[in-house]
Amino acid sequence: MNKQPLSSGLSERDMVRSRLAKTLRRRHARERRFRLAGVVSVGLALACVLLLFGSILQRGLPAFWQSSIQLPIYFDPEIIRVDAAPQPLPDEPPVEFQRRQLEWQGQLARSNWQRLLTLGVQQLYPEQQIQPRHAQALFTRAVQHQLREMFAADPGLLGQTLELSLLADANVDVWLRGKIDRSLPDAQQQLAAPVRALADQLQADGHIKLKFASALFGNADSRSSPASAGLLGAFVGSLYMLAVVLLVAVPVGVGAAIYLEEFAPKSRWIDLIEVNINNLAAVPSIVFGLLGAALFINWFRLPMSAPLVGGLVLSLMALPTVIIATRAALQAVPGTIRQAALAMGASRTQAVFHHVLPLALPGVLTGAILAVAQSLGETAPLLLIGMNAFVANVPASPLDQSSALSVQIFLWQGHELRNFFEARTAAAIIVLLSLMISLNAVAIYLRKRLENKWS
Amino acid sequence: MNTTQNTQPAGLQAPRAKMQAQDVRVFYGEHQAIKGIDLELMENEVIAFIGPSGCGKSTFLRSFNRMNDTIEGCRLEGRILLDGEDIHAADMDVVMLRARVGMVFQKPNPFPKSIYDNVAYGPRIHGLARGRGDLDDRVEDSLRRAGLWDEVKDRLHAPGTGLSGGQQQRLCIARAIAVSPEVILMDEPCSALDPIATAKVEELIAELSQQYTIAIVTHSMQQAARVSDRTAYFHLGELIEVNATDKVFTHPQNALTEAYITGRFG
Ligand SMILES: Nc1ncnc2c1ncn2[C@@H]1O[C@H](COP(=O)(O)OP(=O)(O)O)[C@@H](O)[C@H]1O
Ligand SMILES: [Mg+2]
């Protein structure tokens, strides 16, 4: 009587056990498969990132160096026909002194600085009949202005010879660095055959040096002198926009989020606003460009191409993201903190600003900075407010005409001097990415600093 | 519904009602959580609220400092008086009310700030301290009364969240008494604490009752028996019975109370 149920119980236990073992095997197998899929997808993502950065660096880094031509230049008094630089006279009114200075500058401008270059090259190879236009084609256009400014700064150079290092023309640079198919027929070459030969000769004789491309970082864009075109104008424009977005989108967005999350009574209106904010975050950026053009330029009559307008447009774009991130950070603050403050007799505002916001701050700042960084990379809306206009100056204020890094990338990508600007485009991308990585690093730093304080 | 009120409070004079609830009804939207309760909190007494979970003890307790106002969709009918003044009157400021009627929650909820700043917060926002020294004194005094001073005096500027659970709860009590309230509401203040910490808090309640009127919600009948002068039994949003604690536990008047305290439900 007693044994029967016991033995049957045992066999049933065995059955359960073997079945468990089987399902366990299956479960383990499933887990392994899932892990493998995870590792593969992470690996894939990583490979994509590496590929992206690798190819950008590979293309862009060469643009950080640029060919320049080293040769002696004689500041020939026969060519630089100017009077002695004006000195202020004892009792001369400042206006009069200024007039004389302007006149002197005019004389400088009328001198034939290109001729100095021609003579310099011809001096190197006196036995050859080098035509002036071929000699001048070696240098980028800005070199003449460089010589003039050197002289204006130090008129004592007259009659002296200086060993100078002068930027080569963009076409010469790509020719010398092997970015042009040398077997192409003459008709398809940018440079005339004698210039190419001259360039090769200069290189063979050690007159060509690869130097750090300070023009890339120190100059604004340039059309007449592509080799000295730089990013500084676009970079400063982007910084102005960054400042505008930080000053507009962050306070407004954080304020709106605080109101919606902590103060607004639950109502259908608030729900509607919430839905619309979420929708706004998904609106294509070019639409914000149209809105910005209509609102800020047509309505408020703000200038075209100004970083102020660009910053305002990007602020519109960043606003929903800032609001959403801030609300998420506020929601993550435990309700017990609010209760504790209210029960102490704090007003709602005090509860929020003394307790809730400080706790949410790391999240708020991270979200805000990421939103700002993201908006900084936008291009399309900036095109619609004219920031793709060619600007040869570094903007001195947010109301001056300016470009932006993202737009500069777009412009250079489409530049007719493809061979030269391919690398510059990648270099501009490197600069933009560095800016974003720095912003993200700031976000991470702030988050770590503020979070570590109490936990 | 109210039964006898003739209990023996700590003082010598005739017992005086500190707070009075008159026909209080509380609604969460359509749902009525409190169904018309009259109850008085006497001066310097400890009154315990007991009853099965969901019967409305916390809701009723929160009515006394209007913390229900902070809950979306919560509505109160009836009157609650503090020293004879309606706490919902237009000239009664809720900030003032909560400074006079403090609260301690179920889960210790110190601010993620230093121990000092936790206690100093109330005096600061209510402008109670004149100068730094005065504030220091107030903080020390509150921590002493909460029985925490000796444990924390060397680390006043360490985070309050770094204390043990029992210490955190005593810190919350210190924070509440730092603004010299008249009434302290406690909602299951020991339910998250271990027995030793619980004993300390109970000791503290007994001491505080000499100066404050205390209403404490508890799910532990032993605790009610240990700390309270009177006990009120709630059931499904109604006050079933209120009486001197020893009477409630030895001779409950109502069958529901008896069923609860003998452990037949709850
Ligand atoms: N915030 C709230 N919103 C809606 N209903 C609530 C809320 N808080 C409590 N209630 C309801 O009110 C009743 C009483 O709850 P409560 O006061 O928390 O009871 P107790 O503290 O006695 O356990 C319960 O039915 C509960 O579901
Ligand atoms: Mg409760």
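Think of each number as a place in line: the chain as shown, counted from 1.
Keep in mind that glycine also has a Cβ here, set from the backbone N, Cα and C atoms.
Panel annotation: around the transmembrane segment (A:34-57), residues 426, 429-430, 433 of the same chain, lying at least six beyond its termini, place a Cβ under 8 Å from a Cβ of the stretch. Taken from TrEMBL, the feature transmembrane segment covers A:34-57 (among others).
Tertiary neighbourhood of the transmembrane segment (A:231-260): same-chain residues 216-221, 270, 273-274, 307-308, 310-312, 314-316, 318-324, 326-327, 330, 352, 357, 364, 368, 371-372, 375-376, 387, 391-395, 397-398, 402-408, 427-428, 431-432, 435, selected by CB-CB distance under 8 Å and a gap of 6+ residues from either end. Taken from TrEMBL, the feature transmembrane segment covers A:231-260 (among others).
The domain 'ABC transmembrane type-1' annotation in TrEMBL covers A:235-441.
Feature annotation from TrEMBL assigns transmembrane segment to A:280-300 (among others). Note on the transmembrane segment (A:280-300): residues 309, 312-314, 316-317, 319-321, 324, 378, 380-386 of its chain, located 6 or more positions outside it, place their CB under 8 angstroms from a CB of the stretch.
Taken from TrEMBL, the feature transmembrane segment covers A:306-330 (among others).
Summarising the annotation, TrEMBL assigns transmembrane segment to A:351-373 (among others).
The transmembrane segment annotation in TrEMBL covers A:426-446 (among others). Among residues of the same chain six or more beyond the transmembrane segment (A:426-446), those with a C-beta under 8 A of the stretch's C-beta atoms are 56-57, 59-61, 63-64, 216, 231, 234-235, 238, 362, 365-366, 369-370, 372-373, 376-377, 405-406, 408-409, 412.
Residues 242, 245-246, 249-250, 253-254, 257-258, 262-263, 318, 321-322, 324-326, 328-330, 332-333, 337-338, 340-342, 436, 439-440, 442-444, 446-447, 450-451 of the same chain, all 6+ positions outside the transmembrane segment (A:351-373), place their C-beta atoms under 8 angstroms from a C-beta of that stretch.
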